[in-house]
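To start, the structure itself, in structure tokens.
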Amino acid sequence: MACGLVASNLNLKPGECLRVRGEVAPDAKSFLLNLGKDDNNLCLHFNPRFNAHGDINTIVCNSKDGGAWGAEQREVAFPFQPGSVVEVCISFNQADLTVKLPDGHEFKFPNRLNLEAINYMSAGGDFKIKCVAFD
């Protein structure tokens, strides 16, 4: 899946929140947000799948360490609708990342890379970024 946005040197620290708002395509199959050190070292691969890779209305999360993917974690909460504008907030600490979905539901994903700062973000798929903010 090609990335539509790549940002580096973010220097997001523990406790800070990355807020991403964008528009889901009307015919969306899936989209992704990646956070980490770089493309080969991701503490979070966030991949809502409407109908892709055998998953329907499922959020698939993973990490990548030195280019090797970890074990996938699936979330059943799926507040995304094709054609809608959504906002996702992600914060982290030494132990895990907290993802707050558009409906207010939150889940945690382990900080498997033990990153002390998030410097890289990429986004892609059927999602058009409207705003990125740091809180």
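Even glycines carry a Cβ here, placed using N, Cα and C.
Straight from Swiss-Prot, the features:
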MOD_RES   ALA2  N-acetylalanine
DOMAIN    4-135  domain 'Galectin'
MOD_RES   LYS13  N6-acetyllysine
MOD_RES   LYS29  N6-acetyllysine
MOD_RES   SER30  phosphoserine
BINDING   HIS45, PHE46, ASN47, PRO48, ARG49, HIS53, ASN62, TRP69, GLY70, ALA71, GLU72  beta-D-galactoside binding site
MOD_RES   LYS108  N6-succinyllysine
MOD_RES   LYS108  N6-acetyllysine
MOD_RES   LYS128  N6-acetyllysine
Hey, how far is ASN62 (beta-D-galactoside binding site) from LYS29 (N6-acetyllysine), Cα to Cα, in Å?
18
Should GLY70 (beta-D-galactoside binding site) be counted as helix, strand, or coil on the basis of DSSP?
coil
Return the residues near GLU72 (beta-D-galactoside binding site), defined as same-chain residues 6+ apart in sequence whose C-beta is under 8 angstroms from its C-beta, sorted by sequence, else 'none'.
VAL60, CYS61, ASN62
Using Cβ atoms only, which residues of the same chain lie under 8 Å from GLY70 (beta-D-galactoside binding site) while being at least 6 residues apart in sequence?
ASN62, SER63, LYS64, ARG112
Can you tell which of SER30, ASN47, ASN62 has the least company, meaning the fewest other C-beta atoms within 10 angstroms of its C-beta, among these recorded positions?
ASN62
Among LYS13, ARG49, LYS108, LYS128, which are recorded as recorded positions, the nearest neighbour of LYS29 (N6-acetyllysine) by Cα:
ARG49
Cα within 10 Å of ASN47 (beta-D-galactoside binding site) - qualifying modified residues among LYS13, LYS108, LYS128:
none
Among LYS13, HIS45 [recorded positions], residue with fewest other Cβ within 10 Å:
LYS13
What subset of the recorded positions LYS13, HIS45, ARG49, LYS108, LYS128 lies within 10 angstroms of the residue listed as 'phosphoserine' at the C-alpha level?
ARG49
Counting every protein chain present, what is the number of Cβ atoms, excluding its own, within 10 Å of the Cβ of LYS29 (N6-acetyllysine)?
14
What span in Å does the beta-D-galactoside site cover, taken as the longest CA to CA distance among HIS45, PHE46, ASN47, PRO48, ARG49, HIS53, ASN62, TRP69, GLY70, ALA71, GLU72?
18
Minimum Cα separation from LYS108 (N6-succinyllysine), reported as the residue among recorded positions HIS45, ARG49, LYS128 that achieves it:
HIS45
